[in-house]
Amino acid sequence: MSFTVAIVGRPNVGKSTLFNRLLEKRQAIVDDVSGVTRDRQYGIAEWNGKSFNVIDTGGFVAGSADVFETEIRKQVKIAIEEADAVIFMTDAAVGITDLDDDMADLLRRSSKPVLLTVNKVDNNDRMLSGTEFYSMGFENVYFVSSMSGSGTGELLDAVAAFIPEKDADKEDENPLPKFAIIGQPNVGKSSLLNALIGKERTIVSDIAGTTRDTIHTHYNLFNKEFILIDTAGLRKKSKEKDDLEFYSVIRAIRAMDEADVCMLILDASKGITAQDVSIYSLAARKGKGIVVLVNKWDLVEKATNTARDYEKQLKEKLAPFNDVPVIFISVKEKTRIFKVIETALDVYESKTRKIPTSKLNEVMLKAIESYHAPVVRGHSVKIKFVTQLPTHVPSFAFFCNFPDDIKTPYKNYLENQLRSNFNFSGVPMRLFFRKK
Ligand code: GDP
Ligand code: GDP
């Protein structure tokens, strides 16, 4: 389930302040865009048990007034097209400006829900002057102070109300593994898809209930069935680089939400970028299986250890979660194309596997016996029992006497033991500690 909220508004109204508040301390993806826009940010927010993607559409650095306006129009249009709901932010301290009015005109025409959010309502005076924003004629109006957080709870309640409840039946309707091909423009996503389609008979099916911008293709390769999620149609929409990247990130996040395993493609000749790392860690935080594909390997001059060294450097950049398969491919020369699918299937298998409790305890209690959790405040911390929880992301509960006294280094030790004893390559996992 993927629900995306975009925050739009003129510069300095407090978009990024609200964004940071919605995300609490979670790390955001920052999309460094050159030119007139400042960084766009993407992240995941959670409210009342519902999670959704938040996009701060960014601000603008000083420029001529007309550049400014066309840019803002573009931003609003993309937000309306790509998001499921729009937070339209204004500033109570300044009041309604011409630019606010222009944006309001665009937003009123959209069929998506718009939440007019009057920010900087820090006190009663501001509340009073803020009422002028009712004149803009939006149905949903919220008065908030992003700085102090006041009013943001009601705003989040309203956002959450737009998110459809998860339909448990629907989720199981299509239990085939879903793979998404993601990556920046020009890394070879379409080429890979074409290489796979060209080789085997495929049924392109329009699967009901999928998000409008992703194409689900049903495959039957090596007698294995799976669904490839493609974020096609990207190029047709916009020729401009900034927009292209904006679209591509939103689409990547959307495809990621729908997928079990993400194939993140990089261009070997360009190396990994900060944005790739951000997308990768977002996938990890969303608990998605991951396979990293280094494409255009044909362009790289190779010596004996080139691949090994490349992989080592890559994994340093992907840390801390870097237990992930890395495959060097050339779509052009059709090198290791099918290894990609085999590996994605392996990752899916590891991600969905349930380890029998007896086996888990046999292995993990031995590991715990050979290296105990450190003594805290004079008492020894004892783990008695481990069990895997019935969740989508592999999760393990360790039952112990003092769950709060198990610190990160020991948690990392336990995770590494799980990883080295039971193959979890490309699979993020979660560890919980509970009182026995
Ligand atoms: P953006 O350009 O829309 O992303 O705006 P920023 O989030 O960068 O905020 C612009 C300025 O407004 C910053 O100096 C913020 O500290 C300030 N600001 C944001 N929210 C509030 C608020 O609720 N009250 C007040 N008084 N200032 C705020
Ligand atoms: P997308 O934007 O990620 O879908 O990328 P495309 O599939 O359109 O590929 C972008 C460009 O990279 C095209 O010109 C492809 O021919 C080229 N390309 C794709 N894969 C390879 C490869 O393995 N080697 C080389 N040398 N070029 C490739």
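From the backbone N, Cα and C atoms, a Cβ is placed for every residue, glycine too.
As written in TrEMBL, here are the features:
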DOMAIN    3-167  domain 'EngA-type G'
BINDING   9-16, 56-60, 119-122  GTP 1 binding site
DOMAIN    177-352  domain 'EngA-type G'
BINDING   183-190, 230-234, 295-298  GTP 2 binding site
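Not one of the binding-site residues N12, K15, T57, W297 places a Cβ under 6 Å from an atom of ligand 2. In the three-state DSSP classification, K15 (GTP 1 binding site) falls within a helix. When the binding-site residues G183, N186, W297 are compared by Cα distance to N12 (GTP 1 binding site), the shortest distance belongs to G183. Note on proximity: among G9, K15, T57, V121, the binding-site residues of the record, the Cα nearest N186 (GTP 2 binding site) is that of T57. In this structure the C-alpha atoms belonging to K15 (GTP 1 binding site) and G183 (GTP 2 binding site) are separated by 27 Å. Of the binding-site residues N12, T57, N186, T57 has the largest number of other Cβ atoms within 10 Å of its own Cβ. Of all the binding-site residues listed here (G9, W297), the one with the fewest other CB atoms within 10 A of its own CB is W297. Using CA atoms as reference points, the binding-site residues G9, T57, V121 were checked against W297 (GTP 2 binding site), and the closest is T57.
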